[in-house]
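The structure under discussion appears below in the form of structure tokens.
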Amino acid sequence: MFLSTNDPGAGKEQTGWRSHREHAHERPAVSTGTGSRPGQRSNVVTDLRTSPAATPALPPRDSLPHRSGRWLLRRWRWLTSMRTAVVLLFLLALAAVPGSLFPQRSLSPSSVAQFFRDNPTLAPVLDQLGMFEVFASPWFAAVYLLLFISLIGCLVPRCREHLRAARAEPPPVPRHLHRLPVNSTDQVSLPPGTMADRVEADLRSARFRVARRSTDAGVEISAERGRIKETGNLVFHASLLALLVALAGGKMWGYEGSILVTEGDGFCNSFQQYDQYTAGPLVDQGTLTPLCFDLVDFRATYELNGTPASFTADIGVQAEPGAPQTQTTIGVNDPFRSDGDRLYVTGHGFTPLFTVTMPDGQVFAEISAPFLPRDSATFASEGVVKLPDVGDGPGDDFALEGFFAPTGVVQGGVLTSVDARPLNPQVAIIGYRGYLGLDSGRPQPVFSLDQRQIDVGALNAVGEANLGIGQSATLEDGTVVRFDGFQEFAALQVSYDPGQVAVLISSITMLLGLLATLMVRGTHLRPDHRHVRAGLRRGTVHDGVAGGTRQGREWRRARTTPRTLRRPAR
């Protein structure tokens, strides 16, 4: 640039900056009149590089906190973009796939144990990756939280912008309508006021938001509609966010307990009585609903091929201590409900009954334990009956390890089951005598023997036999075992999920928002679509149509005359 200043002693002569564009190879200099006499020109030159006042300050280099802040801002914008939210939603669905491919401990511990027996090499690796507890794994929680944060950061500014746009009037008519992608001009003989009234009436009848403005050039009309599409989009994502919150709340304040109950037995809603339970970190165990249940009768129906068709359980319910017991019937998809708690039937099995007579004459009549199904097709089941301290000295325990076949067939001395229906119940037993290790302080399996006790010789086999109902066998130590029959047990599950209603409402609103997004036409279309702008001038109607549309959808104009004007041919 060139900056000039006037010197009082130089008359009209000027000294000052020389253009750095013209003298880029010279260093900038300035001449000043300091110390010169009037009428004389000063030749004193000052180097601008050595003048602190004249040297422009260099921009400070970014500090580390500055660079870190900008990096975090970029990462935040990436995380809260809608594209990232869609990717995270896809990853969440992908992360949930192993939960349906592999058995989950929270649903079926016996299936997980069977998977370990069938795949002794692969199962430990999958267990380290959390494949048997997918929905409680850290990597699933990480995707869940990232999606949660992304939706919040994406929805808040979009909702604010949508509300601002919904309250605002339609934008003014562009000055140059002919520059819009789709436009046309028509001439009519009606007066401008009459034509404006007709256009406005047509637009309002089509449920457009209309803004009419008077300008120096005449009357302008702007109209738009289709905000429901964006509203549906926001409702869909807000409902998805509410669904995630409801699911998280259910996990934080909910609990779930499973127990096997044989006909004639019962239990109360207490974590100490469940075979397995999971509870959220905010659950107070002292505030569980005081419910008690008795399994009166259990019935299972089967298809012709032996596949179980339905399970039905008659139960007695005591809502609170001292209250009378009421009778009700529950099924697989027909739970009992009380104050948010639900009691489900999730499965069933068989409980063999034995009478054991010890060599010293002690009789243990109708002792039993649930045998867990190992084959869902034939309901062949395995289990163990434990009798601690049957002798005089400590560590003198007795156990029966058995294999129950509802429809048993013995082939080559081996008992197998060929049908899930109890048509010919048989049981194969092995008797053990010794120390079970129940008071050793180590965790003990409930439905099987501790193999470590057998390996170290603390527990020894004393005989085996195959028995039908009413048959007896005498073991090597003189113990007599009689198979008295069987009962059926029900696998019951008590669950409490405070977010269940919120999940249902969120799912419904999410579906409605998705339908609005897919079925309602876009925002920037014209009368028969979304967004209409029309300008009227003296004696001439200028009607411009602008915006985009989906492929294959025909553009149509606003009805400015009794006939419908269509898009002009190209």
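In case you wondered, yes, glycine gets a Cβ from its N, Cα and C as well.
Taken verbatim from TrEMBL:
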type	residues	note
REGION	1-64	region 'Disordered'
COMPBIAS	31-53	compositional bias 'Polar residues'
DOMAIN	82-521	domain 'ResB-like'
TRANSMEM	84-102	transmembrane segment
TRANSMEM	139-157	transmembrane segment
TRANSMEM	234-253	transmembrane segment
TRANSMEM	501-520	transmembrane segment
REGION	541-570	region 'Disordered'
COMPBIAS	558-570	compositional bias 'Basic residues'
So what's near the transmembrane segment (139-157) in sequence-distant terms, Cβ-Cβ under 8 Å and 6+ beyond its ends? 76, 79-82, 84-85, 88-89, 91-92, 95-96, 130, 234, 237-238, 240-241, 244-245, 248
Six or more residues out from either end of the transmembrane segment (501-520), which same-chain residues have a Cβ under 8 Å from its Cβ atoms? 226, 228-229, 231-240, 242-243, 245-247, 249-250
For the domain 'ResB-like' (82-521), the averaged pLDDT of the predicted model is 87
